[in-house]
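Take a look at the structure below.
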Amino acid sequence: MASSKLVLVMCFMISVFGIAIGAKFDQEFDITWGDGRAKILNNGDLLTLSLDKISGAGFQSKNEYLFGKIDMQLKLVPGNSAGTVTAYYLSSQGPTHDEIDFEFLGNLSGDPYTLHTNVFSQGKGNREQQFHLWFDPTADFHTYSITWNPQRIIFYVDGTPIREYKNSESMGVSYPKNQPMRIYSSLWNADDWATRGGLVKTDWSQAPFSASYRNFNANACITSSPSSCNSNTTTSTSSSWLNEELDNTSQERLKWVHKNYLVYNYCTDSKRFPQGFPADCLQNS
């Protein structure tokens, strides 16, 4: 607990709390690439990305965050989405970057999307878990959330936890805690690997492919000037993510997801790790 408190003190020294509820995309994000294939619509309430044979598109948050709870509603590419990837993630920059990933790997019509998750710390990832979903993510909007605090990272889908990644620094494993991260999202062609390991290619006759975003919420520590910053106090409700952990009901939901929808877990891939599983698998399997 002492180390957690120290990290929180560091967070408060360089950050202020920000709460963006139902935030406008034009106020919170910059479109970064795509040459018109990213559009902010409905007075800032809706953002769409499209992909054709020439290019995809992407955007990033104006703010950087150091811990927080991030929610975004997405409606994914419908129909034959094989070869496409819709990425939604937190990341810092540089060769020793930190990153927390949601990636949605498209598939042939009628086959399920694969939800790919990963956690990078100090440039090292290889902590993949992949899931199928218990609904059609193209038929309507669904909420994908990340809670990131000094103790753990929790991935949620519509409020149901699908993955918990715990801080394993006591085992010599680095953890994302010092590098502020922006939110990034993109829609792009990855048919060299995305669907069945690259066996199924993108059908460009189905283009343009489109994904939609709405209801972005951030309850998070927003980094400001590295030289000085004042801290704002928050209510216990608004900052509850700082110490969030899974209660018994949430743990049962997590077990349900893993029993029925987990399709890949690096912590059970003995062929990949013949010399033994990574140390963080001891508490993150």
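Cβ atoms here come from the backbone N, Cα and C positions, even for glycine.
Annotations in TrEMBL come from automatic prediction, not curation.
The signal peptide feature in TrEMBL is assigned to 1-22. Residues or ranges marked as domain 'GH16' in TrEMBL: 19-213. Sequence annotations record features per position, and here TrEMBL assigns active site, nucleophile to Glu99. TrEMBL lists Glu103 with the feature active site, proton donor. Here TrEMBL flags Asn107 as N-linked glycosylation site.
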Alpha-carbon distance [Asn107 (N-linked glycosylation site); the residue listed as 'active site, nucleophile'] in Å: 25
For the domain 'GH16' (19-213), the mean pLDDT of the predicted model: 95
C-beta crowding around the residue listed as 'active site, nucleophile', within 10 angstroms: 19
